[in-house]
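One structure is given here, and the rest of the page talks about it.
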Amino acid sequence: MKPDAHQVKQFLLNLQDTICQQLTAVDGAEFVEDSWQREAGGGGRSRVLRNGGVFEQAGVNFSHVHGEAMPASATAHRPELAGRSFEAMGVSLVVHPHNPYVPTSHANVRFFIAEKPGAEPVWWFGGGFDLTPFYGFEEDAIHWHRTARDLCLPFGEDVYPRYKKWCDDYFYLKHRNEQRGIGGLFFDDLNTPDFDHCFAFMQAVGKGYTDAYLPIVERRKAMAYGERERNFQLYRRGRYVEFNLVWDRGTLFGLQTGGRTESILMSMPPLVRWEYDYQPKDGSPEAALSEFIKVRDWV
């Protein structure tokens, strides 16, 4: 089947609505919407929930941008895209909870198509979701990865292991020699066997995110915490900032294509701290995190 960008766009708009409704149901606070237009073509809807009952900040962004020529970040590893017009659309979200025992989560699903007259379109899907705990709970990690595995199974037994490994490899801070969190799923350049199959998988990932995340939020949101846990949470959020600004391809793509900076940087935590040569106390729950986030098979 020929790629249907309109069908993908409608799914993404509905997905943004659904996820915002689900997060509001857990938190009680409403999202504030900011619709924007991109001068060079396209626009989006940015939605932010701030200082809610559970979430310090949650941002759920839909964007649909198009242009006559590809940016350098995209053609660097896909030279065949040079000289083509393009459309890129997606939903991207990050949730930063108040409670340090509730992990931060990130999800993204996207579709890209590049066309020129007289040639077949070049298209692909990408996306995934990943979890960044501050305090490790095995049952949470197992639930997260089991949900990821189960949504992948209808698409093949090799899908989850392949995209789990890709996620582990991608969300890695080379300058720190550590993982950003416990991973999940990451896929990109997905265009085989056909459009319908790839679109169905992207939909499964988009819908699966809240199935994976919200039970963990419910389990941890009422746990008591103090200044020590909060300080550690803010310190570890620094890793999130470092990854997004130094390594993340999506951030670089957005900034290079003249995307909306406020929306691109919406993933940043509202508060964060750095501390020179910080070392957690031996045997403390904080010290245990470095071992917990090392790559392993959770299911």
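Glycine too: its Cβ is placed from the backbone N, Cα and C atoms.
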Region 'Important for dimerization' according to Swiss-Prot, located in which of 132-167, 168-203, 240-275: 240-275
Integer mean pLDDT for the region 'Important for dimerization' (240-275): 89
In sequence order, the recorded positions (H96, H106, H145, H175) whose C-alpha falls within 10 A of G258 (substrate binding site): none
In three-state DSSP terms, the structure that H175 (Mn(2+) binding site) belongs to: coil
